[in-house]
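Student: Pasting the feature list from Swiss-Prot:
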- Asn143, Gly168, Asp170: Ca(2+) binding site (BINDING)
- His243, Arg323, His420, Asp421, Asp465, Arg469: substrate binding site (BINDING)
- Asp325: active site, nucleophile (ACT_SITE)
- Glu354: active site, proton donor (ACT_SITE)
- Asp421: site 'Transition state stabilizer' (SITE)
Amino acid sequence: MFLEAVYHRPRKNWSYAYNGTTVHLRIRTKKDDMTAVYALAGDKYMWDHTMEYVPMTKLATDELFDYWECEVTPPYRRVKYGFLLQQGHEKRWMTEYDFLTEPPRNPDRLFEYPFINPVDVFQPPAWVKDAIFYQIFPERFANGDTRNDPEGTLPWGSADPTPSCFFGGDLQGVIDHLDHLSKLGVNAVYFTPLFKATTNHKYDTEDYFQIDPQFGDKDTLKKLVDLCHERGIRVLLDAVFNHSGRTFPPFVDVLKNGEKSKYKDWFHIRSLPLEVVDGIPTYDTFAFEPLMPKLNTEHPDVKEYLLKAAEYWIRETGIDGWRLDVANEVSHQFWREFRRVVKQANPDAYILGEVWHESSIWLEGDQFDAVMNYPFTNAVLDFFIHQIADAEKFSFMLGKQLAGYPRQASEVMFNLLDSHDTARLLTQADGDKRKMKLAVLFQFTYFGTPCIYYGDEVGLDGGHDPGCRKCMEWDETKHDKDLFAFYQTVIRLRQAHAALRTGTFKFLTAEKNSRQIAYLREDDQDTILVVMNNDKAGHTLRCLSGMHSGPICGTTMS
């Protein structure tokens, strides 16, 4: 046994309450080192009568390690536990202090989950597990009211998008096309920012309490939210709390009054006057963008202002949650207070952070419910679209992430394949719809909440920003009807089978130098086998004996 690789800690993703009665236990071992792993678990006050060996299953594997998991339901909501590691006939018992060659005589030195306190259980909104999101960039979705068009608005779709052009998209345009969303089958919408700003993307907020007049007003948003709710569609708005815009009145005051401004501590200012020297602003910003000064969210007045805005739009319009821009650059303390305020306003609100990398520190139940799952995006693109990862590497990329988060976080992770910040999926696939369909099929049959970027379903293409922000095509003769029907099919498939949303996931085939995968999604009602060939040539796969016990074991698939 390679005991140096064995790892467990009684916290985070290794030992956590999945709900009010169940604890999930995980342990890491060297890849292919153990033939079996068990948790020995029981009540410390009734150890002799309650201790049992619980078999652990292999949750995931990466290049170096296997990750094992089991579920225990302690009758009194507390559990003492250790692990039995087995390599053939060799056995080791792992306690909190050491490895033993014999079973521990008493539970004193075992690990402990002291008590499942309901208030401490990380519980994302249940509805998100069943959600299928559709992302809308409002300025480019539909122009429903030409009276609010900004000066210089171009005719719809008459030119390629630029960083500064406007086409007149607005909230009324979304209202006018809700039938399209219902026909597609989505049940949640995420809007990029709607609040008053100078740009077409609105990530430079001027007023956090006003809908940009270009899009409509608060009443229009309220009408849109109500109409969406009537159709069973949830609504998520974008909050830009890392930075404001240059026209944000407190920043304008600092520009005007400098050291005398009562708002100078609302921002991270290194020197006055505010200026840009050799391309670097004298104040902190998003990236080095002078139009986006970074907010000091530790300042009590800033904190109060932003938290009031977060609560205001939930109470005034009934939105179902927030997506948080540049969330990883804002303090954890602020996000903890944000969660408290938002969940008080709507306990069922979904809090989604924009974090592009490993995110476990935000997913412990005190900050976000989920993050935008770009590591998932990268894995899917590497395997299906760019074909720079083989099946084994693909499974490793996903396995490492799956083992890194508690299950309830994985169930609501925001799984996207493209967005307003990336090239469109069809463009990345070089127009190959076969690749695109495989990627989408995996997205809809994997853990997490899938999101469709507006227009993907009708064949919209486009490179990186601003190319990915084209006007939505509303001429149905130009729609890719085959692609639209495919999206409808995978949406119906996911909605019809709970196993695809919350069931277990297991790769059956994901081999080195292979472009074929097979995996199972399984719950008490369904066992769903998914087989994909990401190669132009045909292949035959066989489910190996012992990989799964059931009717499909030993099946040959061509």
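Our numbering is plain: 1 for the first residue shown, then up by one each step along the chain.
For all residues, glycine too, the Cβ spot is worked out from N, Cα and C.
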Student: By a simple count, how many Cβ atoms lie within 10 Å of the Cβ of Asp465 (substrate binding site), its own Cβ left out?
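Tutor: Other Cβ atoms within 10 Å of Asp465 (substrate binding site): 15.
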Student: What three-state secondary structure does DSSP assign to Arg469 (substrate binding site)?
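Tutor: Helix, per DSSP.
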Student: How many neighbouring Cβ atoms, not counting its own, are there within 10 Å of the Cβ of Asn143 (Ca(2+) binding site)?
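Tutor: Cβ-Cβ neighbours of Asn143 (Ca(2+) binding site) within 10 Å number 24.
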Student: Checking your reading of the structure: which of the binding-site residues Asn143, Asp170, His420, Asp465 lie inside a 10 Å Cα sphere centred on the residue listed as 'active site, nucleophile'?
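Tutor: Those close enough: none at all.
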Student: Going by DSSP, is Asp170 (Ca(2+) binding site) part of a helix, a strand, or coil?
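Tutor: In the DSSP reduction, Asp170 (Ca(2+) binding site) maps to coil.
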Student: Distance check, please: Cα of Asp421 (substrate binding site) against Cα of the residue listed as 'active site, proton donor', rounded to an integer number of angstrom.
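Tutor: Just about 11 Å between their Cα atoms.
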Student: Applying the rule Cβ within 8 Å of the centroid of the Cβ atoms of Asn143, Gly168, Asp170, what extra residues of the same chain belong around the Ca(2+) site?
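Tutor: Here the non-site neighbours turn out to be Glu139, Ala142, Gly144, Asp145, Thr146, Asn148, Asp149, Thr153, Trp156, Phe167, Gly169, Gln172, Gly173, Gln214.
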Student: If you count other C-beta atoms within 10 angstroms, which of the recorded positions Asp170, Asp325, Glu354, Asp421 is the most crowded?
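Tutor: Output for this query is Asp170.
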Student: What are the sequence-distant neighbours of Gly168 (Ca(2+) binding site), meaning same chain, six or more residues apart, C-beta distance under 8 angstroms?
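Tutor: Listed in sequence order, they are Glu139, Asn143, Thr146, Asn148, Asp149, Pro150, Thr153, Leu154, Trp156, Gln214.
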Student: Are there any residues in the same chain, six or more apart in sequence, whose C-beta is under 8 angstroms from the C-beta of Arg323 (substrate binding site), and if so which?
Tutor: Tyr190, Leu236, Leu237, Asp238, Ala239, Leu352, Gly353, Glu354, Met372
Student: 10 Å Cβ neighbour count around His420 (substrate binding site)?
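Tutor: There are 19 of them.
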Student: About how far apart, in whole Å, are the alpha carbons (Cα) of Arg469 (substrate binding site) and Asp170 (Ca(2+) binding site)?
Tutor: 14
